[in-house]
Amino acid sequence: MANLCKSFVRSFATSAQRANAFNHVTVIGGGLMGSGIAQVAASTGHTVSLVDQDNTILGKSMNGIHKSLERVAKKKFENPAAGEAFVKDTMGRISTATSPITCVSHTDLVIEAIVENLETKKKLFRELEAVAPDNTSSIPITDIAVAAKRKDRFGGLHFFNPVPMMKLLEVIRIPATSDATFDKLLAFGKDMEKVTVSCKDTPGFIVNRLLVPYMLEAVRMVERGDASIQDVDTAMKLGAGYPMGPFELSDYVGLDTMKFILDGWSKNYPDNPLFKPSSLLDKMVAQGKLGRKSGEGFYPYKK
Ligand SMILES: C[C@H](O)CC(=O)SCCNC(=O)CCNC(=O)[C@H](O)C(C)(C)COP(=O)(O)OP(=O)(O)OC[C@H]1O[C@@H](n2cnc3c(N)ncnc32)[C@H](O)[C@@H]1OP(=O)(O)O
Ligand SMILES: NC(=O)c1ccc[n+]([C@@H]2O[C@H](COP(=O)([O-])OP(=O)(O)OC[C@H]3O[C@@H](n4cnc5c(N)ncnc54)[C@H](O)[C@@H]3O)[C@@H](O)[C@H]2O)c1
């Protein structure tokens with residue numbers, strides 16, 4: 001890992017101008033979250049290796065990052081040439097790879113953002129045998145850390161979707177996490193221009209422990225025939241001020257990710273009624289209706 005950071009530069013600057021806690025970041029998983037994390041890490045001056053299973057997936061990830069950067073640039077810069085330079089500089093800091101092994105030897109921080117499946121995550125950490133702060137939605141960090149040898153350098157970073165827009169980062173320590181590691185993860189959050197909060201290594205941390213049961217109760221409400229999908233979404237947007245209703249948000253997060261979260265919780269806490277599986281969610285995932293990413297979820301989307 002890199003030396004401790006000396007100071008922070010809050011606004012966008014080139015890597016040469018910033019003093020970040022980490023210089024080079026490896027992000028494993030180039031899906032919704034990994035792409036967003038790689039984008040923000042690069043736009044805040046880090047060099048980034050983005051790793052996924054094959055180059056087709058990585059091509060899609062880089063396309064998505066480019067489009068998202070163009071949206072950010074439009075908002076950030078009045079001068080189109082400055083916006084174009086920002087996009088080009090940021091893209092130039094991201095390289096891609098299909099194996100993490102080559103990247104981790106020269107990286108300062110590894111962030112895992114692959115599918116929400118404990119066995120898959122543990123297998124990856126066994127392969128890495130290194131430090132890899134984890135972007136899990138719901139799996140206790142301690143359970144994933146079982147596969148890591150150097151647990152003092154292990155911690156949880158929970159980003160939110162879409163990463164470029166959501167200001168929060170949950171930073172989770174396990175008993176074995178050293179103070180130095182925890183402090184550096186908090187510093188990394190600041191470098192990424194996020195507000196950090198911390199909590200115990202409990203299921204769903206703060207946000208998902210409250211948000212996911214709410215989203216699932218919306219699904220159960222529709223399963224019971226109490227209200228329609230559209231009316232629940234309208235109600236929560238106009239009556240509770242949420243930017244998206246629970247069904248729009250479920251499609252945005254990914255119904256497979258929602259199911260992974262719920263399956264993990266219901267297996268570990270079978271007596272908690274908030275974590276009960278949903279047959280509607282199970283059926284939709286089995287049909288490949290995963291939300292925006294598959295072109296259909298609770299709503300249809302243009303592919
Ligand atoms: C399950 C996990 O473990 C945890 C989670 O992540 S839970 C999910 C947490 N996320 C949320 O709750 C998201 C809730 N939704 C929102 O906050 C908003 O709907 C939203 C920010 C996603 C989009 O905002 P909205 O106003 O609805 O749409 P839109 O007009 O397209 O976007 C607003 C601005 O955000 C920007 N934006 C949206 N998505 C973006 C992206 N991926 N990249 C860059 N910019 C983006 C747009 O460019 C737009 O900028 P502008 O206002 O200057 O035009
Ligand atoms: N979707 C959300 O809103 C959200 C928000 C916060 C956290 N998370 C968490 O972030 C993680 C990733 O979620 P996502 O929504 O980006 O999923 P996603 O399905 O969009 O992406 C997962 C990516 O991981 C890749 N992958 C799988 N196994 C791999 C391996 N062994 N090596 C390299 N790449 C591999 C897949 O090819 C895929 O591109 C999950 O743990 C999820 O719970 C998701």
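Cβ atoms are placed via backbone N, Cα and C, with glycine included.
With Gly29, Gly30, Gly31, Leu32, Met33, Gly34, Glu116, Lys121, Ser137, Asn161, Lys293 listed by TrEMBL as binding NAD(+), the candidate from Asp52, Asp54, Asp179 annotated for that site turns out to be Asp52. A distance of 19 Å separates the Cα atom of Asn161 (NAD(+) binding site) from that of Lys75 (CoA binding site). Only Ser137 of the binding-site residues listed as Ser68, Lys75, Lys121, Ser137 bring a Cβ under 6 Å of any atom of ligand 2; the order follows the sequence. Counted with DSSP, the domain '3-hydroxyacyl-CoA dehydrogenase C-terminal' (204-301) comes out as 65 helix, 3 strand, 30 coil. As a whole number, the greatest separation of Cα atoms within the NAD(+)-binding residue list Gly29, Gly30, Gly31, Leu32, Met33, Gly34, Asp52, Glu116, Lys121, Ser137, Asn161, Lys293 is 21 Å.
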